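Worksheet: the structure to be examined is printed underneath.
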Amino acid sequence: MRLSALQKVLWGLAAIAIVGFVWLQGSTRNEQRADDPAFRADFELTDHQGMVQTDEDFAGRWMLVFFGFANCPDVCPTTLAEVAAVMDALGSDAAKVQPLFISIDPERDTPEQLAEFVPAFDANIIGLTGTADQIKRTSETFRVYFEKIEEAASPDGYTMGHSSQLFLFDPQGGYVGAWVYGTPAEEILADLKAQMSI
Amino acid sequence: MRYSTALALAFSMLVGLPTASVAGSEDIVVEDAWSRASIGINRPGAAYMTLRNTGTDTVTLLGLETPLAMMPDIHETKTDANGVSSMGPVGEITIPAGESVALEPGGMHAMLMRLQTKMVEGETFPLTLTFADGGTLTVDVPILGIAARGPEG
């Protein structure tokens, strides 16, 4: 099939419209409410010990889910450190909460890579990774955005942009809410305790 | 300002201090420097601090040097309205007279790429700041625990 110049322009515009639509969709994702039945924690990934884990493996526990990559020196260690502080402060109630760090850089983040990174912050935190397809599917389910950014001044010539919120799901896997990046552990803890009624 | 520089120069010659050929960067004070321990040397580290300009000239920070990392550079994390964070080099940092610039989690950080040695909790490493006026300032950055949340740990 040969396209005329006009057809090419029209297809180009259509493509831009689709991208624009997806972007708009994305921009409203933070306004998802707990009563949105479609937003549930749903995944099948490999944990940092090489075991396949699905959301059902964590049923009955509150889930703190966040996305990142091991080569991230700022946002990811900071969120991991906040979550570690929350888990510490929960004391015996920590058993009711499962923090999950999901990689959006499956190219570099093998289970072995995550095993030396994630649990160093808190032994309770589980790192999850998967194939590029699995990660893409997971990001769609969780409505998070990620992109690979070519950046010569970064390790391996690239860095990742990614949604940096910390999501909370209830013991049935339903979305409760999210904290923006940079929320202090004390605030997360207070909100979490209120949700858990402890 | 020219007067005070000339005066300082005259004074330093009088008392035999080394004549500073820099203009401004000697007034930079580094506070609350800290970093997190690393697990190995495969992933980049980050260091944070506040740069305070106690002088009367604007000072421009051009870059970093440290024996700890082959490629230290100042990077900045930006988070957009959708909560998407990404990171890139910032280039020069301008510190106006009398003001402070903070390198802190979620903002700017000294990105320590190609670590030469592991960052061990309890140790420190020297980080040299290079300024546009030719001055340099070396600070010892404490290495805190991997899950540290600020300069206090």
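Cβ atoms are placed via backbone N, Cα and C, with glycine included.
What TrEMBL records for A:34-197 is domain 'Thioredoxin'.
DSSP classifies A:Cys76 (disulfide bond) as helix under the three-state reduction. Among the features that TrEMBL reports, disulfide bond is placed at A:Cys72-A:Cys76.
Annotation source TrEMBL lists Cu cation binding site at A:Cys72, A:Cys76, A:His162. Cβ environment of A:His162 (Cu cation binding site): A:Phe67, A:Gly68, A:Phe69, A:Ile104, A:Val144, A:Tyr145, A:Phe146, A:Glu147 lie under 8 Å away, each six or more residues apart in the same chain.
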List, in sequence order, the same-chain residues at least six positions removed whose CB sits under 8 Å from that of A:Cys72 (disulfide bond)?
A:Thr159, A:Met160
Applying a 10 Å Cβ distance cut-off over all chains shown, what neighbour count does A:Cys76 (disulfide bond) have?
27
Do you know the mean pLDDT across the domain 'Thioredoxin' (A:34-197)?
94
